[in-house]
Amino acid sequence: MNGDKTVENGRTIAAISTAQAPGGIGIIRISGSDAKTIASRVFVPAGSHSVMETPGYHALYGTVFDAEGKRIDEAIALIFTAPKSFTGEDVVELSCHGGMYVLKQLLATVFAAGAAPADPGEFTRRAFLNGKMDLTRAEAVMQMISAQGESAARAAAEGNGGALARRIQKIRSRLVASAAHLSAWADYPEDEVPEITSDDLLSDLNFALSECQTLLSQFDAGRALREGVKTVIVGRPNVGKSTLMNLLAGCERSIVTEYAGTTRDVVEEVVLVGGIPLCLADTAGIRTTADPVEQIGVDRAKKRLESAQLVFAVFDSSENLEKEDLDLIQSIGSLPAIAVINKVDLPQVIDINCIKKHFKYLVYISAETGEGFSALESAVSDILNTNHLNPSEGMLYTERQRDAVRRAEICLEEAKTAVLAEMTFDAVTVSVEGAISAFLELTGERVSETVVDEVFSKFCVGK
Ligand code: GDP
């Protein structure tokens, strides 16, 4: 693609751009050179202005009719004129009532009037091809749609605003300056090109390397924000696991009783703790039981624990530690875990030093009163390393982006080794150019069709 942006003017496309579910309002987006003509065939304005003559950023009120001239619904046509639209093409968005029947009927009429069904992500793909956004912003659009938590949405919004692209651009421009200087010096040794020193080169390489390392080291924490963290609540019966789950979920999701062994299955819920989505599983206490139904729950709990990314190990601070508590500590092993010392509203009996020996993170709470909840939130962001993330500085969101930065990092390491080994500057140039190329791929300025297809295949239709 080498940066030569081609406008896909061939087909005018249409799709339902709002969720595929009943809603107050539903929107059909039409994009392409025939967007206005097609919209005029299905939409009749109430006033005297026609769709064709209405300038961009204007809306018309009217009615949409099907191919037989039957009224479908009243609607608003929002008109955008190329290149000032999301896709960079002429766009008309028809908003009507959000019932799925109405929307599907209108979409079929729009197709009959000449539009082609949009492929998944095709609107955003056209925006990318028309130079409206780089590839990292296009990926951020997708992250924004799927963002579950506040932090994830903020990270995606920053990406959409171009924070990552700006950060990459800054690294790249220093490398481009170095590479240009190296080539000029190698190609025109007799001219007055000042000699580049190893120190200058190393300073640029070290800057770029440290940026790559920071981006890579924040990737996992960023993923926690985006995708959520598989979290398991464990503890022997009656320590307050279900009560904790309910506190986190803010509703009565698990059955809370005073009898041991009532949570027989794994109860799941996505909750936000400190802005991070946790996919929580409250499990049947991991213990030996003669009850076959409870045993199924216990087995599932063990399985969940094996795949957990975070464990809340709950202890009842109003009682002594029991063998079951100690067995549980053993089964957690080296998983990232927070010891939740529950029932602090009751007189304290537990041997806290024993717990401190096994857990780096320890919080005191009362799941019943909510006391200590903010300490739990801080412990979660500490353990997941999310507290120092600053999305406005730019973060990596996708495996594709991480892979590109990894490749850049390898090239930069090679360049640095070449400088330190006092190899020829030619060898350095090759590696620096390798790094620049990886960054160009990251932003989509030099990227193959296959990579672009791959990026947009993950989108849904209508985006
Ligand atoms: P689980 O078996 O571990 O899920 O425990 P439950 O959540 O069912 O709680 C067992 C009992 O402990 C219930 O009677 C809860 O009301 C009580 N409980 C839970 N958390 C607290 C707490 O923080 N303080 C007090 N006083 N009681 C609690």
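For all residues, glycine too, the Cβ spot is worked out from N, Cα and C.
No curator has checked TrEMBL annotations; they are predicted automatically.
What TrEMBL records for R29, E93, K132, K463 is (6S)-5-formyl-5,6,7,8-tetrahydrofolate binding site. Non-local contacts of E93 ((6S)-5-formyl-5,6,7,8-tetrahydrofolate binding site) by the CB criterion (under 8 A, 6+ apart in sequence, same chain) comprise S17, I27, I28, R29, I30, A77, L78, F80.
Look at TrEMBL and you will find 228-385 tagged as domain 'TrmE-type G'.
Marked as GTP binding site by TrEMBL: 238-243, 257-263, 282-285. DSSP classifies N238 (GTP binding site) as coil under the three-state reduction.
Look at TrEMBL and you will find S242, T263 tagged as Mg(2+) binding site. All protein chains shown were included, and the count of other CB atoms within 10 Å of the CB of S242 (Mg(2+) binding site) stands at 22.
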Pairwise C-alpha maximum, in angstrom, for the residues (R29, E93, K132, K463) that bind (6S)-5-formyl-5,6,7,8-tetrahydrofolate according to the record: 18
Among K241, S242, K463, the binding-site residues whose C-beta sits under 6 Å from ligand 1: K241, S242
Rounded Cα separation (Å) that holds between K132 ((6S)-5-formyl-5,6,7,8-tetrahydrofolate binding site) and S242 (Mg(2+) binding site): 49
Cβ neighbour count within 10 Å of K241 (GTP binding site): 28
Nonlocal neighbours by CB distance (under 8 Å) for K463 ((6S)-5-formyl-5,6,7,8-tetrahydrofolate binding site), same chain, sequence gap 6 or more: S17, P120, G121, F123, T124, V141, M142, I145
